[in-house]
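Below is one structure, written out as structure tokens; the observations come after it.
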Amino acid sequence: METKDVTQDGTVDLRGEPVLASTTGKWKACAFLVGYEAFERMAFYGIASNLVNYLTTQLHEDTVSSVRNVNNWSGSVWLTPILGAYIADSFLGRFWTFTFSSLIYVMGMVFLTMAVSVKTLKPTCNNGVCSKATPSQITFFYISLYTIALGAGGTKPNISTFGADQFDDFNPAEKQMKVSFFNWWMFSSFVGALFATLGLVYIQENLGWGLGYGIPTVGLLFSLFIFYLGTPLYRHKVRKSRSPAKDLIRVPLVAFRNRKLQLPASPSELYEVELQGCSGAGKRLVQHTPIFRFLDRAAIKDATNCSRPKCTVTQVEGTKLVLGMVIIWLATLVPSTIWAQINTLFVKQGTTLNRTLFHDFSIPAASLGSFVTLSMLLSVPLYDRYFVPFMRRKTGNPRGITLLQRLGVGFVIQIIAIAIAYAIEVRRMHVVRTNHITQPNQVVPMNILWLLPQYILLGFADVFIAIGLLEFFYDQSPEDMQSLGTTFFTSGIGVGNFLNSFLVTVVDKLTGENGGKSWIGNNLNDSHLDYYYGFLLVISTLNLGVFLWVSSLYIYKKEAIEAKDGIESKALDTSLGLQV
């Protein structure tokens, strides 16, 4: 193998041998990965989109309990990737962590299909009315759900980062391809979600829950077969540190020990290894930034005590990056809470409306989620092919706009969406009062398509938010913690679901006590869901102000790297001023 044809970032094959740049990686390798992402998203949204209806109609849970349980499960699916990413970055690597976790995921899907198909494992139903599930049936159902959550913990943070690893940052042509990678990766995810919300939801309600869960189970198995066919084409990153997350603890400890030492006037006097002295291909050092200055004490050179422990500037800056990402992450929790409404209260809201579109065809309330996906599918190509080149000419930024600007635009669109949801709910309650509707099973004479604007706008917003967050946390993470870094994206969604569960429970308790009318009661025709949407609108607007402030203080990662043709400096979105 000629050295000049191997990848410059030091990636290897499954056996640990250097790989040829011409025959591995890039889009031809990613083609085998996107199939899994599409089928996995189809499986997840096939469950999440209609789970609240299964819990209320089949297991007889009340509205608040079903919403809470959906949020708790969804939150677990998005939080377990923290464990999976840590295992990948510190022990097994992305490929093997994904491999073992995908088997657990499939096992959970098989269990879930059995839970809704096998006669002894599901409630007995006659003429569409189901008896109360036994404790053992409920236990097996939730074991199945949380087995899926455990499997998702190892697949979700590693499959997308493994895909990004297929592009060499040191190769200008491949680096340009990588700019579009996350847009098209999420596009494949949206395709799977569309089939789930448009097809699987209908199958579940009209042809049976067993078939509705069995189809994505078979699809997941097929996608894994395709994934492993591409093994000879995959590039694998070499771990340069055995436990990179330890720096997050070591740097603050060393900085505290050195608290009495004087910081040097120039950052160049802090301790750092020479770039030429770094071992391995694709060498990177993170350059000093003027934020979180107290951590710089960990890199002070103490001439009077050579045995005093010290960290490199790159290690210190890696800790600073994680701290900065934590602050941005906190500002994304409220938007994640808004997103949680799609599979919970939006669905329950839709069940109260007239769902007949034409003749005798009625659309399942959960199928409106397909319009979120459709708007995403239409927006991604427009964003990548037209918006980015147009803005690139205006700003000179390879991405068109900075990553934080992308998030800010998405948050504004999301606020508009929840404002429209509030207005539509006010109108729905007006129709309820006008027609003297009081019972929960009475259909409100208002077509379900009134809810379309809020779904479509949330889809547009997610093109900016979801893809922007995934790319932001991947790019801004320290090199050896990129799987762990992407869990900022997944955990934000998870905490958003738990936060929504907490808010729903607290609001229901506070507004319903002392004989009051709950904002989110079992009977939405005699509740005040509009008040709850108004509350979400207020906190979303306040959160946007917080996001603008913390974004203006954020400094993007800047690296010095050594490629074959010498040392260069690589900055990511290093715009000055308000970097949103």
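For all residues, glycine too, the Cβ spot is worked out from N, Cα and C.
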To which of the residue ranges 33-54, 209-230 does TrEMBL assign the term transmembrane segment?
209-230
Cβ contacts under 8 Å made by the transmembrane segment (321-342) with residues that lie 6+ beyond its boundaries
71, 74, 248, 286, 291-292, 369, 372, 404, 407, 410-411, 414, 417-418, 421, 455, 458, 462, 465, 469, 472-473, 476-478, 481, 485, 488, 491-493, 495-497, 499-500, 503, 536, 539-540, 543, 546-547, 550-551, 554-555, 557
Please check if the transmembrane segment (455-474) comes into contact with the transmembrane segment (209-230), where contact means 3 or more CB pairs closer than 8 Å and the residues in each pair are separated by 6 or more positions.
no
Lying 6 or more residues past either end of the transmembrane segment (403-424) yet within Cβ distance under 8 Å of it, the residues of that chain are 328, 332, 335, 338-339, 341, 346, 450-451, 453-454, 457-458, 460-465, 467-469, 471-472, 475-476, 530, 533-534, 536-537, 540-541, 543-544, 547-548, 551, 554, 573, 579-580
How about the transmembrane segment (209-230) with the transmembrane segment (95-116) - do they touch, taking at least 3 C-beta pairs under 8 Å (6 or more apart in sequence) as contact?
yes
